[in-house]
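Everything below concerns the one structure shown next.
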Amino acid sequence: MLLAFDTATPAITAAVHDGTAVRAESTQVDARRHGELLLPTVDEVLREAGVKLDAVTGIVVGVGPGPYTGLRVGLVTAAAFGDALGVPVYGVCTLDGIAYAAGQADDLDGPFVVATDARRKEVYWARYGDPRTRITDPAVDRPADIADEVAGLPAVGAGAALYPEVFTGVRPQAPVHQSAAALAALASERLARGEEFLPALPLYLRRPDAQVPAGYKLVMPK
Amino acid sequence: MADEPLVLGIETSCDETGVGVVRGHTLLADAVATSVDEHARFGGVVPEVASRAHLEAMVPTIQRALKDAGVSASDLDGIAVTAGPGLAGALLVGVSAAKAYAYALGKPLYGVNHLASHICVDQLEHGALPEPTMALLVSGGHSSLLLAPDITSDVRSLGSTIDDAAGEAFDKVARVLGLGFPGGPVIDRYAREGDPDAIRFPRGLTGPRDPLYDFSFSGLKTSVARWIEARRAAGETVPVADVAASFQEAVTDVLTRKAIRACKDHGVDHLMMGGGVAANSRLRAMAEERCAAAGIELRVPRPKLCTDNGAMVAALGAEMVARGRAASDWELPADSSLPVTEPHVPGRHHAA
């Protein structure tokens, strides 16, 4: 019994998956309230699924890449649940969940690209061979700088929709936002196949913005 | 006493990941992981660096605190967390962790105020707080005079800084002197070798028409910088120890003078001091002298409980449990500007 959630995109999404099927899912989009909404959303899906916490055998969490503040909400919540319940925490690349969901919603039989909004006029993105197989490491770039690499490829995710001039193959029928149900279903497949997971650590892909000061500013003008 | 509430407290408002465990007024564990070294080269706390460090340290620090306390998480009567004020992204790591532990363990959650926690921590050191408590709270982010008839429900602000916090002034003066970050401990060290009367730096907001209980340290900081720059411009050596001692004297003079005035005006026979600057040796000594002279009892915790820590949050959480205050709900936000007058954030529709 998996409890899955992801806060690496504007969505706050949680789901319960019993190893065969999704038992409950809830997704809200509110980029500024991850911290407030995640626990109530988890509570809601557990209730809806009629699953008690002590039945949960693993936590699945989207590890990004994503804007840091929201991303950390999901990761620290997953780590705390893992510790308090004594169950493993399975990290999954957030883009993998979107790719998997796109595969379920759309007829994607060849390579495609997933992109989310990284703000500051950049995207987090990766290329996929099929909905279950990522073939590049997740990266953060300005859309114009990767135009050649993504031109003509089918593209899914909010980052692709934001920059249609670069992501020329945007698929309107694919879901735009992350879904914990897709993340849980993907993790469940990977568990069944005995595949490795990512550690539940954040994929920030950027260093903190901070400048080492050159010296202090004089109070008295020279 | 075994029937006193056993509470775990989490503090992540700035650069310390603190987790404490208390039973009533008894300190059982005080685990702190700090990212201060990572901020030093930037000359101040970098919020994103602090938030990243909190995420890494959170679960290990909780595990360490429980182990040090020799208690099991399932025995806890509640989990308390700093809901504000502080750095938004840093607070959010602690608040999210506290919610998940409380939810997973089936324990009530108490989102509490950082400043009230700095006062309540003294219960671990000197027993139950008098009511009302007069408190001088001085740190890198805050300088306030607070009167608390009930630390769990009624905290009033008599005055606070109108510009820089006292600790901020220490950091800035240390930067001008080239002593690095953080400034408090290093200025304290140099000041011991210096003459506090060597330079007469200004005492902010102490004029006859100035507000009685507010503070200002920005002018003092500028005055110290000007004095140093003038020496440097004249090619003279800056007497670092004398500058440190004289600056520190100006800060502690104003803080203690106003705090004692507040006690007298309000008929309160004791003064509690807390916050990182309350770890300063000169402030402690001067407060001791002046309180004794005024017939006021001084209560100040050991330095480790003055700086940010989780035990203080646990102490306030335990008081919330003991007094039957409403728990917070699962939507509890991290509030970077939580007013000092709100000791905790009760739930609107608590379901736990």
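Cβ coordinates come from backbone N, Cα and C, glycine included.
Unlike curated records, TrEMBL annotations are generated automatically.
Record check: TrEMBL places B:His114, B:His118 at the Fe cation site, and the matching candidate among B:Asp308, B:Asp329 is B:Asp308.
Of all ranges given (B:193-212, B:333-352), TrEMBL attaches the label region 'Disordered' to B:333-352. Among the candidates B:Asp122, B:Asp164, B:Asp171, B:Asp265, the one that TrEMBL lists alongside B:Leu137, B:Val138, B:Ser139, B:Gly140, B:Gly141, B:Gly184, B:Asp188, B:Asn280 as binding substrate is B:Asp171. Listed in sequence order, B:Ala135, B:Leu137, B:Ser139, B:Gly274, B:Gly275, B:Cys306, B:Met312 are the same-chain residues six or more apart from B:His118 (Fe cation binding site) with CB atoms under 8 A from its CB. Note: the Cα of B:Asn280 (substrate binding site) and the Cα of B:His114 (Fe cation binding site) are spaced 20 Å from each other. Residue counts for the region 'Disordered' (B:333-352) under DSSP, helix first, then strand, then coil, are 0 helix, 1 strand, 19 coil. Counting every protein chain shown, 22 other Cβ atoms lie within 10 Å of the Cβ of B:Gly141 (substrate binding site).
Around B:Asp308 (Fe cation binding site), the same-chain residues at least 6 positions away in sequence with a Cβ under 8 Å from its Cβ are B:Glu11, B:Ser13, B:Cys14, B:Asp15, B:Glu16, B:Gly18, B:Val32, B:His114, B:Ser139, B:Gly276.
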